[in-house]
Every structure is written in structure tokens, then in C-alpha cells.
């Protein structure tokens, strides 16, 4: 960059307060804590509906195939909705984005409460196009946290996920058993309304740096939310495309296993419903411990590139172990390294991607990251079902092993090449 360019940039920064001065440190910490609470509540309501939809669908005559169609529909909607929602968050700010998402969830639960036909059950999934509280929460945390502490701050959202998963599953099961699907759905709507009140009360209009707002506001306002070029241009920033492709390729095999977990638990391990519930709770507790107490310490001591390599390497070994497991006890032994690899991989890739794009585009970038998870929901059931039926559970684990080893070798080679170039 030229000296003139540096002077202009410094002048711009000097004329407008930097982000840390726009929102002082105590207030930033308070906002982040409120966002953690909102994320926890959102996951709670999400898992609460998991105790409603399958039973209601069964009453309405759905079989396993149609339940798969219902899940695929959600994946497709969120696959395209995630990046658009992220761009909406960048343009209109955190409060508008979280308010839209919470409002959509209220409508979602109200439609579920009155669903009395298969068509209504499909219709109630339409609001999921706007239901992206987690990416919006990640955007706020990314905007308000220091770059060197971003991975730790983002990992705490994973802790929120574990808490919400356990609370929502437990609460939903109890409410559905005692009061039925309609009442449980109404509780979800009321809970989402409470989340909306928290957003309106505590979340600022925007969490972007003031300099970003001043220089980019008029430009962003004139751009369409549906401008695909503005979304895909983020992939052209240095390092973004490689990290994003790694996120998809390395994450796909483990994602397929997660999507197939309920079927594996039921058919391969022969678990009863309550035993499956205990297994899910075990996942939640493990995730809480790792994301709440381990990842933060790891990011403080090791570089993000080292942790990315570590997570992919462990994931490959987990795939190999799962290929040869015979019972649920052996599977439980693989859960801890699996959750460590999965949690570290997701947090580190999200952190790296948001650091490689301007702060004005963190929402869009996290929306693209969320679309990767939606892609897994879309293709996972089909690919996983084909592999499981034709080649058995071992095929899923072996594919995970091969794919992650290949990605690991590629990243290691790239790391050595880059180090050699820097020395020259």
C-alpha cells in the first residue's frame, strides 16, 4: 500500500471513533452475554419443537420417507436463506436481523400449533428461511470481540447450543407428554416472543465499527439483499475460498454421520427412545465441556492453523474408529474426540473466515458458513441412507477417514510451502 493510501486510511480512522470507542468495553461484554442468552433460548425452542413435529407428523399419516422430504425442505430453504439473511444483517444491523429471526420463529410455532394436515405441516416450515438466530448471534460476537479472542468468544455459542439442546429436549418431552403438541408449540411461540423482547431491549441497532458504517452505509443501502455477486465476492478475498472449500469437504463426512445418528441408534445399536435421549444428552454435555472450557484455552496457546490441522487429523481417526465399532459403548468412547474435532473445526473455520473479510461483511460470511450446515441437512439423509443401506455403517466411517486424511495432507503441504516461501 502506498504512503498516500496509508495516510488516507489513518485520517479516516482518526476522523471517526473506532469500534472500541463506539461501544465501550463493559457495554460490549454485556451485549455479548445477552446474545449468549438469546442463542441459548433459541436452541431451547428449536429442540422443544423436535419433540412435537415427529409425533404430530405420525398422527397426520407421515412415514419415514415423507419425514425425510420435510427435513430436506428445511435444508433447501435455509441453504438459500442463510447467505441472504447474513447480507440482511450486514445492511440493516444486528437488532433488525435478530428481530426478524425471532419474529419468524413465533410464526413458525403458531403455524405448528394449528397444523391439522400434511400441507399445514409443510407450510409451517416456510418461516425457517428467516430463522437464523445463531449466525446473527455469531455476527454480533465477531463484531464486538477482539480478533485474538474471537475463536474463544465464538466457542461459547457452542456452549449455549449444548445447554439449549438438553433444556429443550427435556422440556419439550415433558410438555408434550403432559399437555400435547399444540400446547408445547404455543410455549415455543411464547418463548420466542420473550427472545424478541430481549433483542428489542438490549441489542443495539448495529454492532459494526463506526468507520465501517460511515464509509459503507450509503453504499450498502443501495445494494440488494439478493445480490448474489455481493455475496460470492467474499470468496475472492485471500484465503477465503480455500478455507471455505475445506469447511465443506472435511465437514461433509462427519455431517453425514450426524444426520444418520438417529437411524444408527435405532437400527444398528437397537436403542429405545429414552436411551436415544440419554445419548443425545451425552452429546450435549460433552459439547458444553469442550466448547465452554477447552477450546478457549487451546486458542490462547496455539495458532488457528495448528488447531485446524489437529481437528481434521482427529476427525480422520474418529472415522476409522467408527468404521469398526460394534456396540454403543465403543461409540460412546469416540464421542469425546469426535465432539472435540467437530467443535474445534467449526469454531476455527468460522473465526478464520470472518477475519479474512471486512467487518462490514461478517454477517454475510457467517450466513455462507450456515449454508454449509444446511447443505449437510439437504444431501446428508440421501447420501447417508444410500451408504448405510448398501454398504453398512462402516462405509460412512471409512469415507470420513479417507476424506479427512486427504484434506490433512493438503493443508500440511500448503503450510510447509508457505513457510518455505516466507523464509525465501
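Including glycine, each Cβ sits where the backbone N, Cα and C put it.
TrEMBL has this to say about the protein:
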- 28-418: domain 'Major facilitator superfamily (MFS) profile' (DOMAIN)
- 31-48: transmembrane segment (TRANSMEM)
- 68-85: transmembrane segment (TRANSMEM)
- 106-123: transmembrane segment (TRANSMEM)
- 182-200: transmembrane segment (TRANSMEM)
- 244-265: transmembrane segment (TRANSMEM)
- 277-295: transmembrane segment (TRANSMEM)
- 307-325: transmembrane segment (TRANSMEM)
- 331-353: transmembrane segment (TRANSMEM)
- 365-387: transmembrane segment (TRANSMEM)
- 393-412: transmembrane segment (TRANSMEM)
Inset, instruction - Could you pull out which residues elsewhere in the chain have a CB under 8 Å from any CB of the transmembrane segment (393-412), counting only those six or more residues past its ends? - result: 246, 249-250, 252-254, 256-257, 260, 264, 268, 305, 308-309, 312-313, 315-325, 384, 387
Inset, instruction - Check the domain 'Major facilitator superfamily (MFS) profile' (28-418) for me and report the mean pLDDT. - result: 86
Inset, instruction - Could you tell me whether the transmembrane segment (307-325) and the transmembrane segment (182-200) are in contact, taking contact to mean 3+ Cβ pairs under 8 Å with a sequence separation of 6 or more? - result: no
Inset, instruction - Using a Cβ-Cβ cut-off of under 8 Å, list the residues of the same chain that are 6+ residues beyond the ends of the transmembrane segment (68-85) and lie near it. - result: 53, 57, 62, 97, 100-101, 121-122, 125-126, 128-132, 135-136, 225-226, 231, 364, 367-368, 370-371, 373-378, 380-382, 385
